[in-house]
Structures are given as structure tokens and as C-alpha cells.
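For reference, the structure is listed below as C-alpha cells.
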Amino acid sequence: MVEIYYDDDANLDNLADRKVAVIGFGSQGHAHALNLRDSGVDVRVGLPETSTSRAKAEEQGLRVVTPAEASAEADIIMILTPDTTHRKIYAESIAPHLTPGKALAFGHGFNIRYGLIEPPAGVDVFMVAPKGPGHLVRRVFVEGKGVPVLVAVEADATGKALDIALAYAKGIGGTRAGALRTTFTEETETDLFGEQAVLCGGASALVQAGFETLVEAGYTPEVAYFECLHELKLIVDLMYEGGISQMRYSISDTAEYGDVTRGPRVITPAVKAEMRKILDEIQDGTFAREWVAEDDAGRATFTKLVEEGKQHPIEQVGGKLRPMMSWIAKD
């Protein structure tokens with residue numbers, strides 16, 4: 001069973017004499033920095049002088065310096081920029097200041113898991129990964145609650161890495177809900193698999209295939225959109241709130257019978273075997289090497305595939321239908 005830590009298991013005193021640098025001020029960066037500050041932690045935000053986020057951070061009363069200056073000052077350096085930027089930021093701004101006794105922290109394990117960043121000996125390496133977007137991490141913190149987090153320690157040079165990680169988790173509100181102990185490997189591999197096979201890749205492909213099946217059979221694209229994309233949120237919300245069983249309890253008997261008898265015909269053993277292949281590529285580094293090479297080469301294939309996806313008929317149909325829905329229509 002997983003170890004779960006709560007407020008009583010974490011002590012903010014472990015951050016009392018430590019300066020924290022949050023590198024980045026995006027979704028997670030702004031939440032971490034503001035929550036830590038409100039928890040009494042000495043925090044600064046590291047952003048390039050050309051960053052448009054500098055003004056946003058300063059407006060929130062945060063001290064903003066360059067990533068290099070933040071890394072030089074801080075005892076704990078948390079990197080919260082996109083994965084593909086980590087290597088450059090680390091090499092140019094962090095590594096020169098990563099002296100023994102400091103801690104390097106991450107919100108996702110990708111670069112450590114695949115050896116893209118190799119911290120020196122004498123440095124603690126830990127991860128605190130909220131299981132929710134930054135705006136939620138900030139909002140519930142202000143409400144006196146918290147979002148669950150994953151906590152992992154990759155290197156414990158000081159013998160205090162877990163204590164520091166838990167203190168950090170408490171500082172952003174994570175231990176109010178619970179901090180689940182994991183590893184960089186487990187967090188990275190399961191996160192990538194979930195994105196690729198279920199949450200993003202799997203769900204997107206399933207929705208498109210269902211839409212195509214109905215339209216090719218002669219049904220109107222607008223009705224197909226409602227049945228295969230729009231109503232997905234209704235089902236996912238039920239699953240999110242109470243699990244699959246609660247979702248099945250909440251739908252009609254006809255829908256439930258179709259679920260339990262036809263669902264396995266869609267997600268067949270062959271589909272599950274393909275999921276296993278995807279997991280294998282994550283575990284053996286194939287996906288990471290492919291993605292890093294694609295990013296380094298300028299993302300031509302990636303961009304092409306994304307643009308092709310935008311041309312799918314379901315996008316045009318949705319663009320026409322969503323303005324009908326006042327609760328989701330955008331200005």
C-alpha cells in the first residue's frame with residue numbers, strides 16, 4: 001500500500017532557514033510561489049528578463065529575479081517550466097550554482113527518469129507533483145484546503161530530503177489533502193501512459209472514431225458530435241465524482257447494459273496489448289528519445305500532426321455548435 005503523509009507528518013520548520021526558488025510562473029509556478037509565500041516561506045521567482053510573466057509575478061507581490069540569480073540565492077530550486085526547457089535552463093542557470101547541500105526539485109520526473117538532467121553528488125533531488133492544475137492548487141489553498149500531491153526522493157545527500165519534500169508539500173497545501181509517496185520512475189511512466197493511452201491519446205482517438213462511424217453511416221454530423229464528444233463530459237464527471245460503479249448507477253438501464261456488454265468489444269484484448277506496447281516504449285525510453293529528438297529537430301512532425309487534427313470534421317462541427325451553449329460559449 002502507498003504511504004500517505006498529512007499535515008501532522010510534515011514540518012514547515014524544515015524550510016525556515018532555507019530560501020526557495022521557483023523557476024517559472026505558469027500554471028504550477030504561480031500556485032507554488034504564492035502558496036509558499038503565504039505559508040511564510042522565503043521564496044523568489046526565477047524568470048528571464050524578457051518574460052512576460054515577470055509583471056504578473058511582481059503584481060502579486062513576489063520578488064522576481066533571473067533563473068541564474070534565483071538559483072544562486074536559493075537552497076531549494078524547484079523547476080516548473082515545460083519539460084523540454086529543463087535541460088537548457090539547468091545547464092545555463094542552475095548547474096553552476098548547484099553546490100553541495102542544496103536541493104533540486106521537480107513537478108514531474110521526466111528529465112530525471114530519462115537521464116536528461118544529472119545532478120551532482122551532494123545535492124538532494126525530490127519531486128512534489130500536485131494532482132491538479134495550478135489554478136486549483138491555488139484556489140483550494142486560499143480556501144484552507146489542498147490538492148493531493150505525489151512526493152518522491154531520487155537523491156538524499158543530506159539525509160533530510162524527504163523531510164524537506166514534505167515541508168514543501170505542506171507549504172503548497174498538499175499535505176492538507178494527502179501526499180502520496182512514489183518514485184520518479186513510477187510518476188513519470190504512469191503519467192506518460194495515462195496521457196498517451198487514456199486521457200489524451202486514447203480519449204481523442206475514441207471520440208474521433210465514434211464520430212466518424214456515425215457520420216459514415218449517414219447520421220448528421222451535429223448529432224454525432226453531441227453523442228460522441230459533448231456528452232462525454234457528463235459521463236466523465238460522474239466517474240470523477242464516484243467512480244465507474246457510481247457512473248453506471250446514475251445512467252439508464254439501457255445505457256448500463258450497453259456499457260457492460262459492448263464496451264469490451266471496443267476495448268478488446270488486442271487494444272489492451274497495444275496499450276502494453278505503448279507502456280513498453282515509455283519504460284524502455286523509446287518515447288522519450290523520440291520526443292526529445294523531435295523537439296530538438298524543430299517539431300516538424302509534431303506540428304504537422306497537430307495541424308491535421310485541427311482539420312478533422314469534428315472540430316468544424318463543434319465550432320458551430322458550441323456558441324449555442326451559453327454556459328461554455330466564449331466571447
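Each Cβ is built from the backbone N, Cα and C atoms, and glycine gets one as well.
The domain 'KARI N-terminal Rossmann' annotation in Swiss-Prot covers 2-182 and rests on sequence analysis.
Residues near Ser51 (NADP(+) binding site) in space but far in sequence (CB under 8 A, at least 6 apart, same chain), listed by position: Phe25. Annotated NADP(+) binding site per Swiss-Prot: Phe25, Gly26, Ser27, Gln28, Ser51, Ser53, Gly134, in sequence order.
In this structure, His108 (active site) belongs to neither helix nor strand by DSSP; it is coil. Under the heading active site, Swiss-Prot lists His108.
Within the model, the domain 'KARI C-terminal knotted' (183-328) shows a mean pLDDT value of 98, rounded to a whole number. For 183-328, the entry in Swiss-Prot reads domain 'KARI C-terminal knotted'.
Taken from Swiss-Prot, the feature Mg(2+) 1 binding site covers Asp191, Glu195. Residue density at Asp191 (Mg(2+) 1 binding site): 19 other Cβ atoms are found within 10 A of its Cβ, drawing on all protein chains shown.
Annotation comment: Swiss-Prot describes Asp191, Glu227, Glu231 as Mg(2+) 2 binding site.
Look at Ser252 (substrate binding site): DSSP puts it in coil. Counting only same-chain residues six or more apart in sequence, none has a Cβ lying under 8 angstroms from the Cβ of Ser252 (substrate binding site). According to Swiss-Prot, the feature substrate binding site maps to Ser252, an assignment based on sequence analysis.
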For this session: Identify, in sequence order, the residues in the chain of Ser53 (NADP(+) binding site) that are 6 or more apart from it along the sequence and have a CB within less than 8 Å of its CB; answer 'none' if there are none.
Result: Phe25, Gly26, Gly29, Leu47
For this session: Please name which of the recorded positions listed here, Ser27, Gln28, His108, Asp191, Glu195, is nearest in space to Glu227 (Mg(2+) 2 binding site), Cα against Cα.
Result: Glu195
For this session: Compute the C-alpha separation of Glu195 (Mg(2+) 1 binding site) from His108 (active site), stating it in Å without decimals.
Result: 13
Exercise. Can you tell me how far the Cα of Asp191 (Mg(2+) 1 binding site) sits from the Cα of His108 (active site), in Å?
Worked result: 9
Seminar exercise, completed: If we take the residues Phe25, Gly26, Ser27, Gln28, Ser51, Ser53, Gly134 that the record assigns to NADP(+), their largest CA-CA distance in Å comes out at 19
Seminar exercise, completed: For Gly134 (NADP(+) binding site), the nonlocal same-chain Cβ neighbours (under 8 Å, six or more residues apart) come out as Gly26, Ser27, Gln28, Gly29, His30, Ala31, His32
